[in-house]
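Positions annotated as domain 'ABC transmembrane type-1' by TrEMBL: B:119-318. According to TrEMBL, the transmembrane segment annotation covers B:47-68, B:124-147, B:159-177, B:189-211, B:242-263, B:300-318.
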Amino acid sequence: MLTFTIRRLLLSIPTLLFISMVIFLLLQLAPGDPMAQVPLTVPPEVKQKMREALGLGQPIYVQYYKWLIQFFWVEPQVFLDWATRETFLLGWLPDTNFSTFIDPDTGAVRPVQRTISWQTRSPIMDIVIQRMPQTLWVVGLSYIVGILIAIPIGIYSAYRHYSLFDQAGTFITMVGFSIPPFFTGPLLIVVFSVTLGWLPSIYDTTHVVTDWASFKVQFMQMIMPVMVLALQTTAQISRYMRGAMLDNLNQDYVRTARAKGLKESSVVMVHVLRNSMIPVVTVIALGMPAIFGGAIITENVFKVNGIGQLLLTALFANDLPMVMTLTFIFAIMIVLFNLIADVLYGLLDPRIRYD
Amino acid sequence: MTKQAIPASPIEADIETFGALVDKEPSKPPRSQWVDVWQQFRKHKGAVFGGGFLLFITLAVIFGPFLWDVDPKALDIRNKNWRPIYQLLFDSEAKAGWAHPFGTDQLGRDIMAQMIAGGQVSMAVGWLAMALALLIGTAIGIISGYFKKLDFWLMRFTDLVLSLPILPLTLLAVTLFRQPLNSRFGPEGGMFILIVGIIGLTSWMQTARIVRGDILALKEREFILAARSIGTRSGKIIRRHLLPNVISPIMVSATLGLATAIITESALSFLGVGFPSDFPTWGKLLSDAVSRMQEFPERVLLPGIAISLTVLSVNYLGDGLRDALDPRLRGR
């Protein structure tokens, strides 16, 4: 198992490098110019200088190499400095100074060059870390809610196969599967914000929870985006859960368990459920990258300024370093969680041996 | 047979036994596989409804313009903001009438005509992108399952494409390639090619994996060995013996592909990177209407319901097909 994990980890390095190269080359074809918004009175030579200051004058392979260095070497250093300086966990360590260097000409201490956004001219990672909590809260919570609803539905509709509950559950999951979030979102807004006026239609990310009243506001504004996303998760996972339970309920070991006089509850909830969870856990792991990727559409509908919305605005503003970094972070998440799903599958199911 | 007559000769006895073995009634003609599939499919109510609705909506968008020959782009500013006809039930003063059953938009364009025109685009994108994805997926699946040398690299490639973040890359590709394709094929044609191409190129992986798995299993069967031992060439083995046997997983993934293609196209239009603004598609109509949905909720509802019902019916169709094409489930 350990060798398998290490082999897969090593194999994911060339995969990620290749993906980053694909994204980078795609972005090279972009027609946009970061100087498009600069006033026309600025002479072309100055514009050229400004372009070079953003690192655009260099050949493609130099640009790619610099991006790689900044992403894999500089950013971890900055993170380490921050961790030893400000966090509780590592703050007791002596402060590190990886992310600064001494200018040979002036002798002054200067920070290293990080990947900067063309929109804001600030380091991309800082913006990403700013946006991450919103996405994690909304999308992550919706994922948990979705799983918590889906698993009981899946279990019960498999246990009462072809019953009314099963038919209704299958129909509802099918509907949840088919209605896109850009329809459920506006629909919920029309019903609950416009007609009934119960819930706010815009998610206010500047809202700070200090007491019970502000917690209630936070709770109210989270209901709709979380439910829209949870509907999708529920639909997907309850189908898997039902399928896995149905596969296991007809197995011989279930008959054995019943024959030796175990209670029905312990047959279903212990023997069958534990075995049925194996494929479901991997499906859950495979869906995790979407949490970090943010739900681009739902964030757009409810005006949550999370990662998905950041990517969308960066795309429209031609902010290529931002798009590159964000897309690559999503790719890392997908590769990582694919690996986790495979490892989990091997750990949970003793019948599967990778070696 | 209480009283059995003793036969006169052994030959007569044989004839009598033979007569007893022959069925009394004429036997049914042999049933073909597709008759079985159809009978199993008919049992799945949702699938029949789904298939029927898909057929209906496809015919409606194809023949709709002949029955409802209002130009979807014709402006009629005097008759703008009509409400749909059912509004008269609640409010007899409402601006509505049979001239525009679904109402008109803020520029006086007929919404029914726009829905039909939008449906044409959405369905065309869905069907073509699905066909493209199936073509690529089946080709890669068969090649990688049949030719051992290529298997490793093709499957690594498939894994790699699977680990790309699809929606961000789709958005990226649309914003990048819009200009060159638009100047080549015009704003509508260029966008159509672009969206079909992108959806097709990013959704073939599941088909490829399923087809490869089936081919790997089929390749070891005796009939392939027999075909090979009488000197059949690889191309012919694939066309005559392997393809017909993987047709059922391909059909199931076709339905899934159609559903995702319709949703992706609408999502792109919704995010504002789809077709040009005066070119109606269901997603475009929906996203244009969102800003005014307080006064005119029907403009969000109509395209939204159209998308959802189409996708729902396609998903049910896929469910029924999966059951009907699975020989283990058939006849139960």
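Every residue gets a Cβ built from N, Cα and C, even glycine.
For the transmembrane segment (B:47-68), the neighbouring stretch richest in Cβ pairs under 8 Å, chosen from B:124-147, B:159-177, B:189-211, B:300-318, is B:300-318. Counting residues 6+ beyond its ends, the transmembrane segment (B:159-177) has Cβ neighbours under 8 Å at 194-195, 198-199, 202-203, 205, 264, 267-268, 271, 273-274 in the same chain. Sequence-distant neighbours of the transmembrane segment (B:189-211) (same chain, 6+ residues past either end, Cβ-Cβ under 8 Å): 121, 124-125, 128-138, 140-142, 144-145, 154, 158, 161-162, 164, 166, 169-170, 173-174, 177-178, 181-183, 246, 249-250, 253, 256-257, 260-261, 264-265, 268, 274-276, 279.
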